[in-house]
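One structure below.
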Protein chains: 2
Amino acid sequence: MPISANDTKRKSWVEVPENSDFPIQNIPFGVFLTKEYVVTVGTRIGDSAIDLGALQQLNYFEGIELTDDMFMQDTLNDFISDGKKTWRLVRNRIAEIFDKNNPKLRDNAKHRDIVIFKMDEVEMQLPVLIGDYTDFYSSKEHATNVGKMFRDPENALLPNWLHIPVGYHGRSSTIIPSGIPVHRPIGQTLPAGENTPVFGPSRLIDFELETAFITTDANVMGEMIPINEAEDYIFGMVLLNDWSARDIQKWEYVPLGPFLAKSFASSISPWIVTMDALEPFRVASPKQDPSPLPYLQQKGKHSFDIHLEVAIQPENEKPTVIGNSNFKYMYWTMSQQLTHHTSNGCRVNSGDMMGSGTISGPTPNSYGSMLELTWGGKNPIKLNDGTERKFINDNDTVIMKGFCQNGQVRLGFGEVSSKLLPPFVRK
Amino acid sequence: MPISANDTKRKSWVEVPENSDFPIQNIPFGVFLTKEYVVTVGTRIGDSAIDLGALQQLNYFEGIELTDDMFMQDTLNDFISDGKKTWRLVRNRIAEIFDKNNPKLRDNAKHRDIVIFKMDEVEMQLPVLIGDYTDFYSSKEHATNVGKMFRDPENALLPNWLHIPVGYHGRSSTIIPSGIPVHRPIGQTLPAGENTPVFGPSRLIDFELETAFITTDANVMGEMIPINEAEDYIFGMVLLNDWSARDIQKWEYVPLGPFLAKSFASSISPWIVTMDALEPFRVASPKQDPSPLPYLQQKGKHSFDIHLEVAIQPENEKPTVIGNSNFKYMYWTMSQQLTHHTSNGCRVNSGDMMGSGTISGPTPNSYGSMLELTWGGKNPIKLNDGTERKFINDNDTVIMKGFCQNGQVRLGFGEVSSKLLPPFVRK
C-alpha cells in the first residue's frame, strides 16, 4: 500500500503559510474542542483544523472500513487500535480530499463550513488516553553529561547503559497538552551539608527536551515484539517536555528512581505526526559499539532527522532560543526501545506513550536540559532581555519546537509550550 | 453517617461457612462475569456472588443517588468516583438487604434467582481500570533486609528512607486478577564475574507479599492532599503479589529503578475490601523516629491489623505456607503515602492503585519475599512434598491470603493465587 499522502508535488486548496509545519504532506492526528463545545478527532493543514468526525458523517471516508463513530471520540485510541493499514488508508484519503485538484469538498461551501475551523477557534486536547507512560534514557550524550556531573567523570556511563535501552515507568495522570500551565512543585530536598531534609518549593526546575512515540496494541502478555516488527506498532510521535525538579530528584531517587521529581507534569505537543509522514526523513542512528545483544540488533536506517529547539520566554518578553538538538543523535532507536520493553512480556496497549529521554547532541549548545546547558548551574544562560537563568523561573514559558526539512518539503510538530506558575495555593 | 454494615451482631440469610472471609460485615466490591457472559459490579457474602447491577434494576437501592447504570459496568471507577458518602450508603443498604430478618429479597425467589450466583459460576475480573500504579517501599524490615544483602550491613537503610515513603511508578497494563497464570519473563542479566550480559529466561523469580489501596479522585493538578484528609480518598484494599525477577532487576535498576524486573506481571485479589469494613481492625503503626516532616505527621491510629500469609503450591501437590506477616508492621501509613504522592501536585484519579511494598515482619518467618526468606538463596525452604525452593519454579502456584480477626468477627480478602508458567512461546 503506497504512501500517496507523501507525494511532495501535491498542494492543497487549503492555504498553507510559508514554513508551516503542517503542509498537506504532514496530516497529523489530534483531538480538539470546537467553539460549539464538540470534541472530535481532527487533522491540520496550514492554520486550519479539520473535523474528521464531520468528514466521516459526510461520507468522505466511504470505502474505508471504520466504525461509525471512529472520529467522533475524545481520544484517538480506537483509531490507533485499527492498525497501520487503516492509518495509511485514512491519511492517503485526507490527502486526496484536500488536494487542490479535487473539487469535491473544495467546491462545497456548506460542507467546508462544517468541516474546517481556524486553529484559533479550537482548543487542542490530549490526543490519546495514555494508559502507561514510559520514559527512556537513550541519548548517550545526555547520560554521559549526567554521569560526569553526578558520578565519575572517568566512568560517566553506567555498566548497563551500552547494553540496555534504560527506561522507567512514568506517571500518566499528569501528562498535559501544550498550553496548560504547570505549578512549581513542592517537595523534600536535602540542603547541602545537612542530614535532615526540608519541605518547600523546588528551587531547581528544569525542562527535558524529548520526543515520545505512541503505540498501538502490540502484543499479548508474555509476548516480545521482534525487533524487525517493532516499527509497525508505532503510530506516531509528539514533542515532550519532561518537567523535572532536580533538587527533589537528587534526594529521592536512590534506589527506586525518579518519582515526584517528574510526576508533577509532563507536557506534550497536541498533534501526533505519523511515522508515515516522517518516513522521508529516515536516517541511520549512531553506530552501536559494542554491538547490542541479538534481540536488539537491526539493519538499515531506524532514526529520523528531526530538528529540535527549545526556548525560554520570560513574562511579557520575547522567547530566546537556548538550545538546538536533533532526534537523530539518539543512541537507541524507538524499535529497540519497544522490543526491549516487551522482551519480558510486558503488554503494550493502544495509546501508550514512550519518551526518548532528554535528547542532547554532541556540542554544548545542543544539550537538552538546563542541567546540562548551564552545567549544573555553573554557567548561567543569558536571555535576550538581559536576564540570566540557571534553571526555570516562575512565569517563564518553555517552548519546544521540532520539524523535518529536505529539498522538497518541511513538516513538523508545531510546539509544546507551557508556563511555569508559582506553587499552587489551596483555596 | 454510621457504619451500620459493621454491626457485629448481624447475620445474613445467605449461608456463610465457618472462617469465611466474607461474612455480612465485609461486603467487598468487585466485578464479575456471569455464566450468561454478563459483566457486572458485585459483592460477595459467603460463597455467593451478588449482582449489584441486577439489585439496582430491581430497585433495591431506591433513595440512594446513583446513576442508572452505576453497577452495570465492567469497572468500579465510576462508583468509586462518587465518594465515601455513597460507598457507605450502598454498603449499609446491602447489609440491610441481606440481613436475616429482612424478608424483602430473602423471600422473593424470583429476585434471588436473578441476583445471586454461586462463586464457582462466575469469573472474577479486574475490579478497576487502573490508570496509574505506584509501588511504595514502606516496610522498614524489608528495606533493611535488602540493604543488608546488597549494600552495607552496617548502614542498611539509605539516608532518605526514614524521611520519605520511597516509591516508584509501576506498570498498569500487566496488573491481572487472581487466577491468571504468569509466564517466566525473559531478559538481560549479567552472569557473576562477567562484563557482558546474556539474554534468556530469568532464573530468580520471586513474589513480593504486598497489599495495595485503591483511590478515588483526590485532587486537581498542583494540589496536595493534607495528611488529615488522606484516608477519605482511599476506597479500599486488595492483596498484591508484585512478581519480581531478581536477576533482571540487579542488572537494570541503576540509576532509574526497577523496570522489566517488575512489569511482566502484578497479581491482585479481585475483591476490594473497603476501609469501612477494615475500621474495626485499626491499630497504631510503628513509632516513627525521627519524626517525619510536618506534612507527614499524623495523630491517632492509622494502620490495620491484617494477617498475611504466603504459600507455594507445586504442580499436583498441596500448598506449603512459607511465611506469615501482618500489614501492621508497615512503617509508613497509607495516608502518609498518599499525602507524599500528592505533595508535588501529582493528580490522583479514581481507580489508581498504590502498593505497600513487600511487607516483612521482624522475624525470619515473617519476611515477604523469597529473597529474604532464603536470604538470597543461601537458606532454601523445604516444602511439604520434600522439594526445596530458593526462588519460584515453573508450574509453582503462589498463593497469598489476608484476613482480620477480633473477638466478634473475621473478615478478609480471600486470596491472590497465580501460577508461574514456563517462558512464553510465540506461535
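Each Cβ is built from the backbone N, Cα and C atoms, and glycine gets one as well.
Keep in mind it's a predicted model, so treat the numbers as computed, not measured.
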Mg(2+) binding, same site as B:Lys262, B:Ser266 - TrEMBL member from B:Asp242, B:Asp247, B:Asp276: B:Asp242
Given that TrEMBL lists B:Glu208, B:Glu210, B:Asp242 as binding Ca(2+), which residue among B:Asp135, B:Asp152, B:Asp305 does it place in the same site? B:Asp135
Sorted by sequence, non-B:Asp242, B:Lys262, B:Ser266 residues with Cβ within 8 Å of centre, Mg(2+): B:Asp135, B:Gly170, B:Arg171, B:Glu208, B:Leu240, B:Asn241, B:Trp243, B:Ser244, B:Ser263, B:Ala265, B:Gly355
Summarise the model's confidence over the domain 'Fumarylacetoacetase N-terminal' (B:25-127) as a mean pLDDT value. 97
In angstrom units, rounded to an integer, how far apart are the Cα atoms of B:Tyr137 (substrate binding site) and B:Asp242 (Ca(2+) binding site)? 12
Looking at the recorded positions B:His142, B:Asp242, B:Lys262, which ones sit with their CA no more than 10 Å from the CA of B:Thr358 (substrate binding site)? B:His142, B:Asp242
CB neighbours of B:Tyr253 (substrate binding site) within 10 A? 21
Among the binding-site residues B:Tyr137, B:Asp242, B:Gln249, B:Tyr253, B:Ser266, say which ones reach under 8 Å of chain A by Cβ distance, listed as they appear in sequence. B:Tyr137, B:Tyr253
Spacing of the two Cα atoms, B:Glu208 (Ca(2+) binding site) and B:Ser266 (Mg(2+) binding site), in whole angstrom, works out to 9
B:His142, B:Glu210, B:Asp242, B:Gln249 screened against B:Lys262 (Mg(2+) binding site), Cα within 10 Å - retained recorded positions: B:Asp242, B:Gln249
Max Cα-Cα distance in Å among B:Tyr137, B:Arg151, B:Gln249, B:Tyr253, B:Thr358, the residues listed as binding substrate? 18
Given the binding-site residues B:Gln249, B:Ser266, B:Thr358, which one's Cβ is surrounded by the fewest other Cβ atoms within 10 Å? B:Gln249
